[in-house]
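Noted in Swiss-Prot for the protein shown:
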DOMAIN    13-123  domain 'MTTase N-terminal'
BINDING   CYS22, CYS58, CYS87  [4Fe-4S] cluster 1 binding site
DOMAIN    140-377  domain 'Radical SAM core'
BINDING   CYS154, CYS158, CYS161  [4Fe-4S] cluster 2 binding site
DOMAIN    380-445  domain 'TRAM'
Amino acid sequence: MTAASSLHPPAIPRVGFVSLGCPKATVDSERILTCLRAEGYLISPNYADADLVVVNTCGFIDSAVAESLETIGEALTENGKVIVTGCLGAKEDVIRQAHPSVLAVTGPQATEEVMAAIHHHLPKPHDPYLDLVPPQGIKLTPKHYAYLKISEGCNHHCTFCIIPSMRGDLVSRPVGGVLQEAQSLVEAGVKELLIISQDTSAYGVDIKYRTGFWQGRPVRTRITELANALGEFGIWVRLHYVYPYPHVDELIPLMAEGKLLPYLDIPFQHANKRILKLMKRPANSENVLVRIQQWRKTCPDIALRSTFIVGFPGETEAEFEELLAFLEEAQLDRVGAFTYSPVKGAAANVLPDHVPPEIQQERLERLMQQQEIISKQRLAVKKGQQLRVLVDTVDEEGAIARSYADAPEIDGVVYINDASTLKPGDWADVRVTDTDIHDLWTEKI
């Protein structure tokens with residue numbers, strides 16, 4: 001090494017990163033960022049200072065495709081060197097047609113391919129003594145909660161969805177690896193784990209629920225056994241994307257025991273048997289209502305969230321009203337709904353009798369108006385109750401927290417009027433003073 005080179009060592013390469021899409025994509029981004037930091041790359045907060053930019057895209061619906069393509073274009077304009085990954089990356093021709101100058105394109109869950117592309121265009125720094133990576137990896141979420149992905153892909157072929165064609169069939173992570181990651185997160189200060197996958201309740205079915213090992217003891221690769229083990233960490237464990245298999249009923253006693261949060265994110269999608277069959281979804285709303293009653297009997301505090309599609313091809317007014325009747329009887333706590341939108345490659349596109357957009361929108365508004373009344377009534381009974389909440393943010397006006405019934409970003413929040421002694425990540429015991437459609441207002445106890 002010459003004197004000049006020792007005085008002016010090579011600059012550490014910087015990578016810009018943009019993460020779009022759902023929590024599953026967020027976990028993919030976290031894995032790539034963790035690898036980058038482990039190899040000594042710096043993460044640039046802006047395009048200008050980056051040597052190249054990675055864009056993790058979403059391609060689920062048309063608006064997501066448009067946002068992804070726009071973001072790629074922005075990164076090319078501001079930086080010029082862009083690597084594309086994620087769900088839209090499974091359609092390389094779409095990306096290349098819009099932006100032929102991108103350096104490389106990979107599909108989702110392709111950490112090794114992304115890193116190989118980065119190495120090719122921006123060689124990694126050489127400093128074996130530099131330890132940049134915390135044990136829990138690089139996270140895009142606040143320090144007190146984290147998403148934990150337990151599998152990739154999906155074995156279902158719902159006619160409105162193209163995720164299996166982008167992310168492949170179900171591949172479950174080894175149960176020991178999942179629990180090791182959970183332990184690392186807990187040791188790093190995480191107080192809430194949000195368990196995610198394309199189909200959380202199918203965990204282990206691809207490997208016939210093979211028995212794995214965790215700290216020397218056997219644990220089946222199955223959602224009930226995994227949930228039971230996660231419950232031993234003594235933190236909040238929240239389940240998302242739970243397909244309504246019969247064995248989901250086994251999870252409710254764990255919620256009643258306090259091992260899992262009494263919260264179930266379970267997408268029913270519709271209530272009419274014919275529409276559900278066209279969707280290739282479970283088609284027995286009567287059985288669903290019986291199960292909901294049993295869940296509430298076993299765990300009275302359970303909060304139920306679901307999603308629904310309105311205006312699916314062929315949906316009649318009577319079939320839509322059947323969905324409204326189901327919602328009235330089910331009395332779900334949280335509901336998300338959207339109008340059916342044709343997605344390139346989805347089997348439902350070829351179904352006859354597509355519902356006109358204006359009728360779709362009218363039905364969506366009717367559904368949400370009805371559900372708002374239900375949600376408001378279900379929250380109103382909490383007035384005067386005491387709750388333990390997890391604080392997300394604090395400012396001069398107070399604190400914003402979440403209860404067991406509130407997942408980050410998709411549900412309501414809990415406002416605390418006095419935040420003088422609180423900081424993000426704190427637990428707080430509060431009393432509910434007021435409620436509305438989605439949120440609670442509280443005072444510290």
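Including glycine, each Cβ sits where the backbone N, Cα and C put it.
Positions of Swiss-Prot features highlighted on the structure.
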{"residue": "CYS22", "record": "[4Fe-4S] cluster 1 binding site", "DSSP class": "coil"}
{"residue": "CYS58", "record": "[4Fe-4S] cluster 1 binding site", "DSSP class": "coil"}
{"residue": "CYS87", "record": "[4Fe-4S] cluster 1 binding site", "DSSP class": "helix"}
{"residue": "CYS154", "record": "[4Fe-4S] cluster 2 binding site", "DSSP class": "coil"}
{"residue": "CYS161", "record": "[4Fe-4S] cluster 2 binding site", "DSSP class": "coil"}
Message = Can you check which residue among the binding-site residues CYS58, CYS87, CYS154, CYS158, CYS161 has the largest number of Cβ atoms within 10 Å of its own?
response = CYS87
Query = Rounded to an integer, what is the Cα-Cα distance in Å between CYS154 ([4Fe-4S] cluster 2 binding site) and CYS58 ([4Fe-4S] cluster 1 binding site)?
reply = 17
Ask   = Once the chains shown are all counted, how many other Cβ atoms turn up within 10 Å of the Cβ of CYS22 ([4Fe-4S] cluster 1 binding site)?
value = 18
Request  = For the recorded [4Fe-4S] cluster 1 site formed by CYS22, CYS58, CYS87, name the remaining residues of the chain with Cβ within 8 Å of the site's Cβ center, in chain order.
outcome  = LEU20, GLY21, LYS24, ALA25, THR57, GLY59, PHE60, ALA64, GLY86, LEU88, PRO108
Query = What does DSSP give as the helix, strand and coil breakdown of the domain 'TRAM' (380-445)?
reply = 1 helix, 32 strand, 33 coil
Key: Secondary structure content, the domain 'MTTase N-terminal' (13-123) (per DSSP, counts of residues)   = 55 helix, 22 strand, 34 coil
Inquiry  = I'm trying to understand the geometry here, so how far is the Cα atom of CYS22 ([4Fe-4S] cluster 1 binding site) from the Cα atom of CYS161 ([4Fe-4S] cluster 2 binding site), in Å to the nearest whole number?
reply    = 14
Note = Cα-Cα, CYS161 ([4Fe-4S] cluster 2 binding site) versus CYS87 ([4Fe-4S] cluster 1 binding site), nearest Å, comes out at 12
Inquiry  = What whole-number Å value do you get for the CA-CA distance of CYS87 ([4Fe-4S] cluster 1 binding site) and CYS158 ([4Fe-4S] cluster 2 binding site)?
reply    = 17
Note = Rounding to whole Å, the Cα atoms of CYS158 ([4Fe-4S] cluster 2 binding site) and CYS58 ([4Fe-4S] cluster 1 binding site) are apart by 18
Remark   = Within 8 Å of the Cβ centroid of CYS154, CYS158, CYS161, the other same-chain residues by Cβ around the recorded [4Fe-4S] cluster 2 site are HIS156, HIS157, PHE160, ILE162, ILE163, PRO164, GLN198
